[in-house]
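See below for the structure under consideration.
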Amino acid sequence: MRRQPAASRDLFAQEPVPPGSGDGALQDALLSLGSVIDVAGLQQAVKEALSAVLPKVETVYTYLLDGESRLVCEEPPHELPQEGKVREAVISRKRLGCNGLGPSDLPGKPLARLVAPLAPDTQVLVIPLVDKEAGAVAAVILVHCGQLSDNEEWSLQAVEKHTLVALKRVQALQQRESSVAPEATQNPPEEAAGDQKGGVAYTNQDRKILQLCGELYDLDASSLQLKVLQYLQQETQASRCCLLLVSEDNLQLSCKVIGDKVLEEEISFPLTTGRLGQVVEDKKSIQLKDLTSEDMQQLQSMLGCEVQAMLCVPVISRATDQVVALACAFNKLGGDLFTDQDEHVIQHCFHYTSTVLTSTLAFQKEQKLKCECQALLQVAKNLFTHLDDVSVLLQEIITEARNLSNAEICSVFLLDQNELVAKVFDGGVVEDESYEIRIPADQGIAGHVATTGQILNIPDAYAHPLFYRGVDDSTGFRTRNILCFPIKNENQEVIGVAELVNKINGPWFSKFDEDLATAFSIYCGISIAHSLLYKKVNEAQYRSHLANEMMMYHMKVSDDEYTKLLHDGIQPVAAIDSNFASFTYTPRSLPEDDTSMAILSMLQDMNFINNYKIDCPTLARFCLMVKKGYRDPPYHNWMHAFSVSHFCYLLYKNLELTNYLEDMEIFALFISCMCHDLDHRGTNNSFQVASKSVLAALYSSEGSVMERHHFAQAIAILNTHGCNIFDHFSRKDYQRMLDLMRDIILATDLAHHLRIFKDLQKMAEVGYDRTNKQHHSLLLCLLMTSCDLSDQTKGWKTTRKIAELIYKEFFSQGDLEKAMGNRPMEMMDREKAYIPELQISFMEHIAMPIYKLLQDLFPKAAELYERVASNREHWTKVSHKFTIRGLPSNNSLDFLDEEYEVPDLDGARAPINGCCSLDAE
């Protein structure tokens, strides 16, 4: 067995222990493999290495290819079995463990001790060593040993890799011996220092390469590069050398080691331009004179010194025949230029070391992937601890994505119907919806990724047609490169998009970053889906809590109640009041006990009961249940709901709505009017959010907190036994009715009205088109709002007296806000509110524009607008009077006493039972 000189072995013993090896056993094993130069030495080294790193090793057989392409073991001489588990491992080219080999698999006595079954704590490992360059199994090792731990598994992988490298080295030396021996015998060169034991002479360069190869046992690519570069510097007399590694996509060069120094951060630069890129394509060496100025600038920046001479030689993989690195030597000592001999030295070096280099780099890449997988598992742990809050989860996703990819900025968009919405940024979570970023789901880079579901890696953002640089121009930020990837749920549907901007330690995001982003996106999708599911579960609990709260507050409708209501049948509308269908009628004049019958009368007069075959007892129970569903705040009570419903009836009777809307739409509008303020607590949306109420927890993320609660309560009543008036509807009609009710009730939020006001104006200008579905939706919203504010269309006495009720409600909320330590709005503060000015402002900016639109669409509604304008004049006179005399006292409601009443300009005298519709939700 031939080994390297003792001096070399002493050098090896000083090398640091590879990370993860635990002790010197693995290092000694790799040293043994790194120093062999013949077959006998290889077999002995393999046996010693496996015995050192594996438990309870009893037998090791190493099978190598002979001249007839058979796998043969020399000690004792026998051929590898061709059947059973051995054949299975060779065909699959993967290591296989078993509890012994079958008797029919074993050719004679040498392998008899491996026959199954073995002792329970032992096994036979069949280890095929695959030469990827040749595409075939180069050797097979049979080992009888104990069961492996994780550390022993790791050590075995290292031994396998270095055994294959040692085998290739031995084979290369054998080929060289066969070609060099005759020539060396006849004409021994002067520099040859022959080892005549085998009849072969080696040059000094051969011996140096052999010594270098023996030293290349490192599992760390940087340590390996240091040894190779030191050898090149010595042999070429270069002041420093480096190895520029080519990325898998041939678009990027990276350097980690320069001369005798390992850089703290890897340096990367693009390979798309300049002569260095040509070297990768042409596989031909170049010198300094061939470089472009851009190449020179990049190299000098990397080296930190002036380049006076350079030799760049491509390193070609024998497995793929592709350039995997560029070996560069700089500034030859003595100021000379590099020669052809220097180029030959570099090529000769990598002829023997390129396989070790590429395999070590591949091994290190696997280790890096292992570390990244561990990092991803930690990321998953971090993400799954924030499932209770989607916003916090998205913030965590942004942080982890930025850290994993070394990106400067990260943004996450969630897909919301046809829009991509971002409300979580690097700086934190945006609470105000007005500051959210919303972009169409089919526009821009994020939109493209959301639409295609494919990752998009953009090296140069400004050169990409989908990039909009207006934001950069306005902010001064410079977007260099972008990596945008989709986030999908378990059904592979895109639910969001993540966008990474500006790679920090590289020219752009690499293929490795793409793979990492793809893996990361899986965790994102799972965590977001589970977070949304968690949110739904919480919402279900909140709904359950609210339902229980409502059932405790309200009593169910008894059979006696609806039987009494229907005892004499449904009363005709004309029997209620001769002016019941007139805009001048004040519904609050009707006693509250008679309002349920009035609802039934209006439904019958509009023919909905007959058209939709509604069961009268069910309808009676529904009406009584809705009435009980209202609490008793000063304004948002059942009488308000009845007044709103009555105004809907007036619109139907006076404006001929059947020429504009479908019957189902009108029916949905009327029922929505009845239910639009169910379970109102006398406080608005802002108060719910500020007080962190159960309602806010349930609905604040969607907006319109109270309106969504009103609709939910309406559904709860419909789902109550004996109250579903839509029970006979088809599935399609039932779904449409609920959709209409939801949209109409949500339209009672004045914020919604203000959002669609321009669309309403445009519709009034161009004229209503019954064939236009959007016009139907807009008109329903306008009609609902006009019904909700209908108290403003009644006489001055009604409007004046009603203001007392609504401001009592407002001031009660203001008192609660003060008790919470908050500052209420002026209109809610009994000590600051100047009611005449507040009413004038409300009528000018909200009420009058609404009824003006109604007049434009329905000329018969002109009297409504005129009456609202008249009431506005009354408030102006009241305001002027108090400007002269001052407020009567500190109580802002005192001015409503009869002493300060202004005579009714239109002479209308209406019974007082209600309030103005300043709905501040």
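Quick reminder: no glycine exception, Cβ is built from N, Cα and C everywhere.
Given the structure is predicted, the values throughout are model-derived calculations rather than measurements.
Of the residues proposed, D513, D515, D788, the one Swiss-Prot records at the same Zn(2+) site as H640, H676, D677 is D788. Swiss-Prot assigns the feature region 'Disordered' to one of the listed ranges (1-21, 862-882, 883-903), namely 1-21. Residues 177-198 are the range that Swiss-Prot records as region 'Disordered', among 67-88, 177-198. D788 (Zn(2+) binding site) carries a helical DSSP state (H, G or I). Here the Cα atom of D677 (Zn(2+) binding site) is found 7 Å from that of H636 (active site, proton donor). The two recorded residues H676 (Zn(2+) binding site) and Y468 (3',5'-cyclic GMP binding site) have their Cα atoms spaced 44 Å from each other. Here H636 (active site, proton donor) is positioned 48 angstrom away from I445 (3',5'-cyclic GMP binding site), judged by their C-alpha atoms. For T479 (3',5'-cyclic GMP binding site), the nearest of the recorded positions by C-alpha distance turns out to be D788; the candidates were H636, H640, D788.
Other Cβ atoms within 10 Å of the Cβ of I445 (3',5'-cyclic GMP binding site) number 19 in total over all chains. Taken through DSSP, the domain 'GAF 1' (220-357) splits into 56 helix, 45 strand, 37 coil. Here the domain 'GAF 2' (389-528) has, by DSSP, the following mix of helix, strand and coil residues: 55 helix, 42 strand, 43 coil. The binding-site residues D677, D788 differ in how many other CB atoms lie within 10 Å of their CB, and the one with the most is D677.
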